[in-house]
C-alpha cells in the first residue's frame, strides 16, 4: 500500500442550476467508492425509466434520496481519490441547511470548488445580485476556506460550443468578483469543463485544446496540503453522551484540535467538570491517541450522563482548558434577514455542536465586509448585506473560542425563523472561571 494518502475535504458551491450534482456525481462515479453493483442497479433503473440523461446527477440524486429517507448510505460514497488525496465532498449545497452545515459542519473544507454555468443566461443568473454564486463564495472566504478551484461548466452548451471567447469573458468577470470577496484570482485555476460530457474532468479534452491549464482532477491534486492542528490544545465538542452497560459514561464527538488519549485528565467547558479519560475508541477499536478529524467515543470515570451535554467541549485540564464565555465580540455578516437587527436581538447561535440563544448586546461598529475597515460607530441597526462587530452575551453557559486560535469553535451561524440569517467569526472572548466545578476522584489522584 505504501504511505496512506492524505484526507482532504472539498465543498462544491455555485448557483442552483450550475451543474454541481452532475459534476460531483461524475467525479464520484469515475474515481470514487460507489460499488459497481449499485451503479449497475442505478443504470438498469435509469434505462427502465427512460432516463437517457442518466449520466451522473442521477447517481447523486439516488444517493441523496436514500440518505434523506434515512437509509444510511455509506458516507464513503461521497468520497473519491486523486493521485495524492482522498477527497470527501462535504454536504453538497442546494440543501436548505447547507449554510448551517458548512459552518457548524463536521469538518472545515480545505478547498472550495466553485461551479459556474457558462451558458448564455445561465452565467448571468448565477452571478447576478441575488444569485447564490456570490453568497457561497463570500461564505467560503469568511469561514476560512482559502483555496478555490473554479470550474466553467457546460462548455458543451456554449454558443458556439466550447467557446474560448465565452470562457475568457467568464474568467474576467468571476476574477473581479472573487477579488472583491477577498480571494486572489491569480492563485485560482479556472478549468473549462463539461460535467455532463466529461470534458477536462479527468482526461484532457480535445474539444478544449486552446486551454493549457490543469484538468479538474489535476487541479484537485495541486491543492496545498492542509496543516492539521494536532499541536494545539485539545478541543473536542460533544455531539452525544451515552451510557453503556458495563462501561459507563461515553461522550462522543470529533477532535477539532489537539489530541486525546487514555490517562489524560480532561476538563469539560463550560462547567469545568474534570475527570480522567479511561479509554478512547474509534469504529469499535481502542486508540492510543485520537487526532484532529477523528470521530471518537471516550470513556470517563465517575461522571453521570446527566452531567454532560451536547455542546460541551472536552479539553486538556493542563493545557488552556475550555471555559464558558461571559460575553464575546464577533464579526457578523447579515445574509438573510427581512428587517433590521438592533441591540437586544436574541436569535439562536449554532457554533460547533452547541445550539444556544444569544443576545446581540451591543452593535459596536458597522464595517466594510471585504476590507474590515470601520464605516460607522455604534450604528442603530444592521440589515441585509451589512457586516458589523457585535458584542454578544449567551443566555446559557456556552463555549466559544476566537476564530484565530480555534477556527472550528470560532465560527457560527445565526438562526432565526428557521433559517440562517447571518454568519460570524469570533474575534475575542471574555471567559469566566467556573465556580464549584466537580473534580472527580480519578482526576484528583492523577493530579497528585
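Counting starts with 1 at the first residue shown.
Backbone N, Cα and C define each Cβ position, glycine as well.
Taken from Swiss-Prot, the feature domain 'tr-type G' covers 5-230.
Positions annotated as GTP binding site by Swiss-Prot, on the basis of similarity to another entry: 14-21, 91-95, 153-156. Neighbour density for residue 20 (GTP binding site): within 10 A of its CB lie 26 other CB atoms from the protein chains shown.
Feature annotation from Swiss-Prot assigns N6,N6-dimethyllysine to 55; the stated evidence is similarity to another entry.
Annotated region 'G2' per Swiss-Prot: 70-74, in sequence order, evidence recorded as similarity to another entry.
Marked as N6,N6,N6-trimethyllysine by Swiss-Prot on the basis of similarity to another entry: 79 (among others). Secondary structure at residue 79 (N6,N6,N6-trimethyllysine), as computed by DSSP, is strand. In this view, residue 79 (N6,N6,N6-trimethyllysine) is surrounded by 19 other Cβ atoms within 10 Å of its Cβ, with every protein chain counted.
The feature region 'G3' is assigned by Swiss-Prot to 91-94, with similarity to another entry given as support.
Looking only at the region 'G4' (153-156), the predicted model's pLDDT averages out at 92. The annotation region 'G4' is assigned in Swiss-Prot to 153-156.
The N6,N6,N6-trimethyllysine annotation in Swiss-Prot covers 187 (among others). Around the Cβ of residue 187 (N6,N6,N6-trimethyllysine), the number of neighbouring Cβ atoms within 10 Å comes to 10.
Cβ environment of residue 261 (N6-methyllysine): 277, 280, 287, 288, 289, 290 lie under 8 Å away, each six or more residues apart in the same chain. The N6-methyllysine feature in Swiss-Prot is assigned to 261.
Positions annotated as 5-glutamyl glycerylphosphorylethanolamine by Swiss-Prot: 289 (among others). For residue 289 (5-glutamyl glycerylphosphorylethanolamine), the number of other Cβ atoms no farther than 10 Å from its own Cβ, over all displayed protein chains, is 15.
Under 8 Å, Cβ to Cβ, and six or more positions away along its own chain, residue 306 (N6,N6,N6-trimethyllysine) finds no residue. Residues or ranges marked as N6,N6,N6-trimethyllysine by Swiss-Prot: 306 (among others).
Among the features that Swiss-Prot reports, 5-glutamyl glycerylphosphorylethanolamine is placed at 362 (among others), with the record citing similarity to another entry. Cβ contacts within 10 Å of residue 362 (5-glutamyl glycerylphosphorylethanolamine), excluding its own Cβ and spanning all protein chains shown: 15.
In the three-state DSSP scheme, residue 396 (N6,N6,N6-trimethyllysine) falls into the coil class. If you look up Swiss-Prot, you'll see 396 (among others) marked as N6,N6,N6-trimethyllysine, on the strength of similarity to another entry.
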Nearest of the binding-site residues (14, 20, 155) to residue 396 (N6,N6,N6-trimethyllysine) - Cα to Cα: 14
Neighbour count (Cβ, 10 Å) for residue 396 (N6,N6,N6-trimethyllysine): 11
From modified residues 79, 187, 362, the one whose Cα lies nearest residue 155 (GTP binding site): 187
